[in-house]
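Colleague: What TrEMBL shows for this protein is this:
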{"type": "BINDING", "residues": "Asn117, Lys118, Asp119, Asp120, Gly172, Gln173, Ser174, Gly175, Met176, Gly177, Lys178, Ser179, Thr180", "note": "GTP binding site"}
{"type": "BINDING", "residues": "Cys255, Cys260, His262, Cys268", "note": "Zn(2+) binding site"}
{"type": "DOMAIN", "residues": "67-231", "note": "domain 'CP-type G'"}
{"type": "DOMAIN", "residues": "78-229", "note": "domain 'EngC GTPase'"}
Amino acid sequence: MKNHIIGRVVEFHKQHYIVESDNSLYKCYMKGKKNYATIGDWVEVSKESYDKNCIVNILERKNIFYRSEKNKIKKLAANIDHVIIIAATKPEFSTETIANIILESFRSKIDVTIILNKDDLKEDLPRSIEKINAIKPDEINIITLSAKYLNNQDINNKLIHVLSNRTTLLVGQSGMGKSTIINKLVPSANAATNEYSKHLGTGKHTTSYTKIYKLNIENSFIIDSPGIQEFSIGHIKLNEIDKGFPEFKNFIHTCQFYNCTHCHEPFCGIIQAVKDNRIKKQDILYIKKLLKNIKKTKTVIILFFLKD
């Protein structure tokens with residue numbers, strides 16, 4: 001159609017989008033309010049001028065990465081191949097937040113890597129690794145580094161192989177060093193950085209919008225998103241929980257009930273595997289807490305998916 005182009009959403013601001021098409025950028029607005037585009041979307045744009053263009057259609061998505069917040073469900077990104085979770089030895093990170101991000105990633109069939117930043121704080125490093133190992137599936141790798149001292153050799157040795165030929169979403173709590181890592185990977189990014197609040201022991205938000213950066217690696221992109229204080233997953237359905245636990249696949253077929261929650265049912269293969277020390281007990285405790293949260297937001301979930 002004349003004056004219509006296909007492009008990718010490369011920046012997502014509160015009131016508008018930036019869409020890239022054939023190496024040109026277009027400031028765009030969304031037509032209608034029923035189904036918003038998000039970062040990473042491929043869209044059809046009705047082109048008028050740089051700052052007056054309209055997104056008229058969202059092309060079919062490979063996946064959508066969601067998070068829940070205060071009874072709202074937000075699209076964090078679309079069409080991504082890989083999620084890197086940023087944690088740090090300081091400030092204290094939430095293992096529940098990491099577990100929730102892993103579950104949402106696996107539900108959306110997205111690979112996951114964990115970066116543990118500030119490995120120069122040697123006294124805190126072993127405990128931080130132990131905390132992550134207690135909740136992560138064995139197939140997820142931990143990369144330790146110090147973003148502050150990250151150089152080209154470190155990038156080549158530790159990061160290139162997990163970033164190549166992928167669109168990677170970087171997500172983590174505020175103050176974990178995400179923006180510093182992005183500035184080392186993309187020096188022209190000039191992502192705002194800030195030290196965490198020593199008084200509160202928490203991070204400060206530095207990224208205010210979501211943006212895709214092109215890496216100096218063939219067909220490789222990273223998405224910078226605002227830091228979070230929590231990552232809730234009230235949108236996840238009960239029958240999707242098992243997707244977050246790849247270690248269950250060898251035992252789940254022995255559950256007597258097809259809709260087993262692995263929390264209290266008799267003849268549950270997962271509970272038996274925990275008793276036999278073949279699955280982490282923390283997994284069951286996490287599922288129990290997760291089920292409680294999902295029940296609280298069940299009405300919100302139904303309304304959201306009917307609307308979208």
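Cβ coordinates come from backbone N, Cα and C, glycine included.
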Colleague: Output, ordered by sequence, the same-chain residues six or more apart from Asp119 (GTP binding site) with a CB under 8 Å from its CB, or 'none'.
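Modeller: Expected: Thr89, Leu125, Thr144, Leu145, Ser146.
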Colleague: Quick one: pull the CA-CA distance for Cys260 (Zn(2+) binding site) versus Met176 (GTP binding site), whole Å only.
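Modeller: Spelling it out, the Cα of Cys260 (Zn(2+) binding site) and the Cα of Met176 (GTP binding site) are 37 Å apart.
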Colleague: Out of Met176, Cys255, Cys260, Cys268, give me whichever of these binding-site residues has the highest number of other Cβ atoms within 10 Å.
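Modeller: Of the binding-site residues Met176, Cys255, Cys260, Cys268, the highest Cβ count within 10 Å belongs to Met176.
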Colleague: Neighbours of the Zn(2+) site Cys255, Cys260, His262, Cys268: Cβ within 8 Å of the Cβ centroid, same chain, sequence order.
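Modeller: Not counting the recorded site residues, we get Ile252, Gln256, Phe257, Thr261, Glu265, Phe267, Gly269, Ile270, Ile271.
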Colleague: What does DSSP say about Asn117 (GTP binding site): helix, strand or coil?
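Modeller: DSSP call for Asn117 (GTP binding site): strand.
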Colleague: In three-state terms from DSSP, label Lys178 (GTP binding site) for me.
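Modeller: Note: Lys178 (GTP binding site) is helical by DSSP.
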